[in-house]
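Report on one structure; see the data block that follows.
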């Protein structure tokens with residue numbers, strides 16, 4: 001027995017492929033998974049009972065009420081108005097995402113300058129001004145009394161709706177002069193001189209959070225306008241992927257070379273298009289601005305109007321093109337072997353055609369997992385209660401303390417701090433549920449990775465079992481069992497493994513850079529980079545070992561750890577063959593995915609940018625045309641990956657079964673090989689004097 005390779009398999013005349021009579025394995029892991037799922041459902045139910053997604057959609061006034069909420073008294077008041085926007089420049093905005101000023105819901109934003117003193121002189125002005133005051137204000141009182149009680153703002157400035165908030169209608173003239181309503185400065189009722197630049201800074205700080213929401217809302221709007229076109233693009237990607245797989249089944253050798261040539265052509269066209277865009281911008285005003293000078297822009301189309309963006313795209317595509325061509329040159333001999341192995345896999349898939357449609361089940365299960373995670377995350381993040389804080393303009397010992405708006409006026413706080421107000425600050429809570437809310441979010445994320453990896457692993461075990469049934473059929477296709485995929489799925493559900501999901505969560509945690517606040521130094525960052533590298537290598541190794549372990553699980557029905565050990569030893573005993581074929585077939589199949597993504601991506605680019613004259617009128621009007629394009633490209637890759645993963649799993653299963661076959665049998669009449677002659681020739685095994693199954 002060799003500690004690194006283990007003992008080779010012995011001849012067993014009773015072995016006819018995947019073991020059917022098997023019991024449940026990895027019982028402890030299975031129990032843990034079931035308990036974790038029950039806890040996951042409990043977290044979801046708790047989140048759905050406490051959460052309120054309206055907090056994401058609607059702005060909130062100083063009382064915690066939703067502006068514009070359908071069916072509420074504020075339904076016709078969808079906009080949020082700030083009494084004093086200048087207070088939004090306070091650092092508190094960055095900490096609590098709430099301006100320390102009174103906020104009310106209004107039907108429209110003010111469109112002219114007006115002070116409270118001026119408004120009280122005329123009845124029409126009073127009625128206009130009243131809509132921007134608290135409900136029930138008596139406009140017959142004097143301005144000082146109204147302002148003292150905080151019932152109205154001291155001044156109105158022309159404003160505009162931005163993410164459902166009334167912000168000053170600021171403009172920047174030539175020379176950098178900032179104006180609001182054609183004025184650079186104005187005076188409020190207290191005689192204070194207000195500069196338009198101060199309003200600009202306050203508006204910017206008040207939008208530290210809502211800027212991201214604005215982009216998100218525009219993206220959401222684009223999805224509502226283009227979702228049916230995105231769905232059509234994904235259906236086309238699925239049809240193209242299925243067509244490629246069927247053609248690969250019939251013309252494997254030809255299709256592989258077609259994929260290789262087409263990928264080189266598609267990337268070459270991308271380089272040419274980027275160069276033409278780069279050349280067309282040459283000499284245009286502002287096109288020579290760098291991305292660094294431009295900074296972060298919410299309108300991402302601005303980046304496509306500068307030369308540096310297209311130059312960067314062109315350089316990236318050139319590097320990808322060169323790398324692919326060099327790989328094709330250096331791997332040309334291995335490519336021939338891999339192509340022959342893909343041909344054999346095509347024959348196997350031809351006898352197990354139902355395997356081509358199994359990815360649809362995987363997509364459905366993954367969609368269910370993603371949807372549950374997303375909905376639970378939204379409800380968890382919106383399950384806080386409104387928290388009210390004491391806000392004041394002068395020094396006060398109760399400043400920023402939690403308060404109750406219903407009892408605030410009768411408390412001693414108003415006596416010691418006359419200008420203090422009890423205003424809505426943020427959403428939080430003091431209950432046990434709210435204290436552990438962040439842990440629930442991490443639990444939600446952890447179970448998401450666990451369930452997603454379980455669904456992926458289930459698909460790999462199922463396909464491996466189906467293709468193993470094909471390989472170990474002595475007379476093909478007569479000895480192939482009926483419904484091999486369905487039978488394999490039933491066997492797969494009796495096995496379970498836990499290692500890889502845990503490792504994925506650790507790796508993602510490191511990738512996010514979740515260091516403690518005191519560890520953000522160069523030494524810690526260096527150690528983190530080393531850990532990332534080690535975990536990346538370890539994850540790649542575990543993924544590779546997992547696939548082969550799942551194949552052994554599908555064949556023998558042993559537990560995960562035993563199967564992983566057997567697969568590892570089998571590969572180590574055949575390390576030379578593994579080195580010849582490892583990742584070469586994956587590389588060829590990856591080129592197929594790139595080709596499908598490239599074709600669908602280019603077509604969606606021309607459609608959504610209105611460059612196809614025939615369907616120019618059908619293209620939707622969008623804020624960001626890259627939103628549906630990237631969605632279609634990402635979805636097309638997932639779809640192509642799903643279909644090509646069938647081929648990848650088939651190749652890996654045939655290869656591992658081939659290695660087992662070599663150890664169990666010797667090609668004689670008593671111990672014939674189960675492999676076809678073609679598979680022997682693929683792996684440079686002499687056919688002389690051996691009897692094989694064909």
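Cβ coordinates are placed from backbone N, Cα and C, and glycine is handled just like the others.
Since we're looking at a predicted model, the values are computed, not measured.
Annotated by TrEMBL as transmembrane segment, the relevant range among 421-446, 447-472, 473-498 is 447-472. Of the given residue ranges 254-272, 273-291, 387-405, 501-519, TrEMBL assigns the label transmembrane segment to 254-272. When the ranges 136-159, 160-183, 184-207, 352-375 are checked against TrEMBL, the one recorded as transmembrane segment is 352-375. The transmembrane segment annotation in TrEMBL falls on one of the ranges 27-48, 49-70, namely 27-48. Annotated by TrEMBL as transmembrane segment, the relevant range among 622-644, 645-667, 668-690 is 622-644. Across the candidate stretches 27-48, 227-247, 310-331, 622-644, the maximum count of CB pairs under 8 A to the transmembrane segment (587-610) is reached by 622-644. Within the same chain, residues 255, 259, 349, 356, 592, 595-596, 599-600, 603-604, 607-608, 619-620, 628, 631-632, 635-636, 639-640, 642-644, 646-647 sit at least 6 positions outside the transmembrane segment (227-247) and bring their C-beta atoms closer than 8 Å to a C-beta of that stretch. The list of residues near the transmembrane segment (447-472) in space but at least 6 beyond its ends in sequence, with Cβ under 8 angstroms from a Cβ of it, reads 15-18, 33, 36-37, 39-40, 348, 351-352, 354-355, 358-359, 361-362, 365-366, 369-370, 373, 480-481, 484-485, 487-489, 491-493, 495-497, 500-501, 504-505, 508, 546-547, 550-551, 553-555, 645-646, 649-650, 652-654, 657-658, 661, 674-675.
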